[in-house]
Structure formats: C-alpha cells, structure tokens
Amino acid sequence: MGLGRPQAWLVALPTAMVYGSLALFTSVLHNVFLLYYVDTFVSVYKINKTAFWVGETVFLLWNSLNDPLFGWLSDRQFLSSQPRSGAGLSSWAVVLARVRALGWHGPLLALSFLAFWVPWAPAGLQFLLCLCVYDGFLTLVDLQHHALLADLALSAHDRTHLNFYCSLFSAAGSLSVFASYAFWNKEDFSSFRTFCVALAAGSALGFLGATQLLRRRVEAARRDAGCSALAGDGGLCREELLFGGEEAGSITLGQYLRQLARHQNFLWFVGMDLVQVFHCHFNSNFFPLFLEHLLSDHISLSTGSFLLGISYVAPHLNNLYFLPLCRRWGVYAVVRGLFLLKLGLSLLMLVAGPDHPGLLCFFIASNRVFTEGTCKLLTLVVTDLVDEDLVLNHRKQAASALLFGMVALVTKPGQTFAPLLGTWLLCFYTGHDLFQQPPVIPVGSTQPWLEPPAPAPARAPALRQGCFYLLVLVPITCALLQLLTWSQFTLHGRRLHMVKAQRQSLAQVQTLDIKTV
C-alpha cells in the first residue's frame, strides 16, 4: 500500500506538466552540447582543421535534410484524404505512438550525447559520427515533441498552457550551463566527463518516466470514452479519426509538396521564420564579438560570462510572461508587437550611438533574449498551420511532425547564412577580414569563427564602429522584412477561429461515423 501512494501522486500530475518536463530532459543536454562540443574536439581531442570542416559540412547537410525525412517517415500515412476500408487508427493511437517514440528516442539521445566526451575513434571520424547520430536523435525527439503540441490540444488556450510548461522546464534545463562551468577543465577532463554522465543518466531516466506517465494519462482518458480527464489541463481534444493507408488514397511526396506550395500562410510563415532563424543564430555567433569590441572596456570578464549564461535562461523566463499575453491577444498580435519592439529598440540604439555602455549592454542582452523568445512562440503558429493544412486538404489525421519538418527544411539555411553574411558585412564596413586570423572557439557558438588580433590603434575605432553598425542594422533590416511578411499572414483572428471550428466539426462528424461502423 505504501508504494501505491507515490505512484498515484505521480499519475495525478497534470498532463501539461508531464509534457513540459520533456523539454527539461532535452535542454539539459543540448545546452551543454552547444557550449562545449567544438572546444572539446579542437582543444582536447586535437582534431585537424580539414577533418573538422568536413565534419561540419556533412553535418550541415544532414541537419537540413533529416527534419523532413523523419517527418515524412513518421506521418506519410496521415496524408490521404480517403479513409481506409475497415479498421482505422484513432488520434488516441497516434498520440500513443508519438509518446512511445519519445520513450525510445529520448534515452538514445542521452546515449549519443555521451559519445562526445569519451575518445573512442580517430578524432575526425568520431566528430562526424557523433554529430550526425546526436542530431538525428535530437530531430526525432523534437519532431515528436512538437507534434504532440498540435495533437494533444486544439484550442489556443490549451496549447499556450502546454507551451508555458515547456518554457518553465526549458529554463530549468538551461541551468546546466551554469553548473557546467564548475566542471569544465581542458587539462583534467574526468570531472566534466562525470558531470556529462550524470546529465545523460538523469535525462534518460526522465524520458522513460515522463513518457510512461503521459502514456497512462492518455490511456486513462481513452478508457473514459472522452476527453474530460485531460481537457482541464490542456490535454487531448475530442476527436477519433480514421487515416488513409498506403492504398489508392495515399499521396506521393511530390503531391504533398504541391499542396504546401498552394498553402499561402505556410509560405509567408516560412519566409518570416527564415529571417527569424537567421537573426537568432546571428546573435549567438556574434554575441562574444560584440561584447569584446563594444563593451570590453566597460564590463569585467565575469560580467560578460554572466550575460552569456543568462541569455540562455532569460528567453524561457520571458515566455512565461508572453504566453499569457498570447492567450489574451493571440500569438499573431504578440509576435507582431515583438517585431515592432525590436525595430524600436534598434532605432533608439542607432540614434544614441555606441558611446552609452549601459544602454549598449541592455540592447545586446535584450536583443538576444527577445529574438530567442520569439522563436519559441512560433511553435504555436506552426500548430495552427497544422490545423489549416488538415482543413484545406481534407486530411483524416493531422500530419503534425511532417509539417514541423518541412518548416525546418526551409528555415534551417538561416543557421548557415548567419555567420557567412555577418562576417562579410563586418569586412564590408571595416575592411577587417576575420578569416585571415587563427581560429578560436567562442562560448555558445555551434561553429568556430575567427577572432581578430588586437587591432592597430588607427583601425580600432573603425572596427568598433563597424561592430556597432552590424549590431543595430541587422535587427532593423530583419524587423522590417518580418513586419512585411507577417502582415501577409492571415491565419489569425476570424480566419483562425473558422479553421479551429472546421477542424472541431470534422472531428465530431468523423466520431459519429466511427460509432456507426
């Protein structure tokens, strides 16, 4: 009897909390990975330059292609508009399949994370294999987790409720960045390796426990013959759908791509999101450069490290405030407000100039925090696009993971454009070529970039001024482009309510059809 009480307490946890905890078990690993994997292979394993860039090139290709590939493999059976004859698969079963996939892929992600910190092959080969395997499992986890956001809830209120817990647990997971500083030592790697083993073990056990709890909640709600058990905490919407199999009604990848090409809101969204991904990674790649050349004379090294660390945590905490605003005003209005805020702050900074260190410090930090926070809100917009895709193409089941994968396919090139365009712009403004100098690895960057030596006194003002213009003109340009594309996006207000109502009515009609079989 004593063992039953804690178990009953765990099962009683809100569905939204259990769903959000999955973000914790991902973020504790991924933030440490982003901070240290390059430095580990360059400084500890001594990988040569050619092997490093070959690995990064292959990784960039794999990173762009695996999202739509895994999304297609996961959801291709949902694309048909024709029901199968005979038995079908309910949306309950789709959710359970996604939860089971997370139960497998989460621990495998933790295992692939461990492979970075123990030398087991030549450095170049290990670098290539570790990156591709880790990113593959990370993609599988992210796709299924994001797809659950669209499958577990239908209303905007319930989805923001689920996303609220994701932000809360992601902020908690970001604390691993601060803890890692206590263990990081290039000369004595054993303590950091032990720290990573502890993180991986905790993440793997967390995935197993959370997915088990989530599976029980879904099965219990299904046994109750309705959604009342979950609706109160942001759970499953009431729908029981048949889906098309690989028969006459199924569609090919080419047909699906043509459907997406006719989906106007999808096209406007990915155009805006491409700029957003570019800006997020631009801030990440050039954050250390801005601190060095604009604020190094005014802040200490520890203050700079604190700003870098807090920039990982603050976007999640920021969203705890913005998500309630999304419930009240809608995601579209909040995102548009953030674009206007980015434009306003950038114009203010441009007028003020680079000689106000307090304002400059606030702008550098807030620019990164608001930009990263906007990226996390856009997940809610993709779930609305999932609803619209289902209604427009008369699907029998939402292809959530596949649509998230297609968004990633179009927007991930922004990760590559950010360092390339940023270094070209800096060279254009100052004549200073970063790529002519020895490579160093900035903390928090996913790729190395090249640090200039101390500039000659005559060139130092030009380099500082060039960094300042890069800092303010990039967000101004991004904000203007995003406001232009976002103004063409119509899936909000009355149209969004209409799409939600149509999906709900389709679910109710198809539920009645199933009950008559």
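A Cβ is built for glycine as well, from the same backbone N, Cα and C atoms used for every other residue.
Now, the feature entries from TrEMBL:
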- 16-38: transmembrane segment (TRANSMEM)
- 101-118: transmembrane segment (TRANSMEM)
- 124-141: transmembrane segment (TRANSMEM)
- 162-184: transmembrane segment (TRANSMEM)
- 190-214: transmembrane segment (TRANSMEM)
- 266-287: transmembrane segment (TRANSMEM)
- 299-317: transmembrane segment (TRANSMEM)
- 329-352: transmembrane segment (TRANSMEM)
- 468-486: transmembrane segment (TRANSMEM)
Verify whether three or more Cβ pairs under 8 angstroms connect the transmembrane segment (16-38) with the transmembrane segment (162-184), leaving out any pair fewer than 6 apart in sequence.
yes
Of 16-38, 101-118, 190-214, 329-352, whichever stretch has the most CB pairs under 8 A to the transmembrane segment (124-141):
101-118
Under 8 angstroms for C-beta pairs, at least 3 of them, ignoring pairs fewer than 6 apart in sequence. Is the transmembrane segment (16-38) in contact with the transmembrane segment (329-352) by that rule?
no
Do the transmembrane segment (190-214) and the transmembrane segment (329-352) share at least 3 Cβ pairs under 8 Å, sequence separation 6 or more?
no
I need to check the long-range neighbours of the transmembrane segment (101-118): which residues 6 or more away from its ends have a CB within less than 8 Å of a CB in the stretch?
22, 25-26, 29, 33, 37, 40, 74, 126, 129-130, 133-134, 136-138, 140-141, 144-145, 148, 189, 192-193, 196-197, 199-201, 203-204, 206-208, 211-212, 215
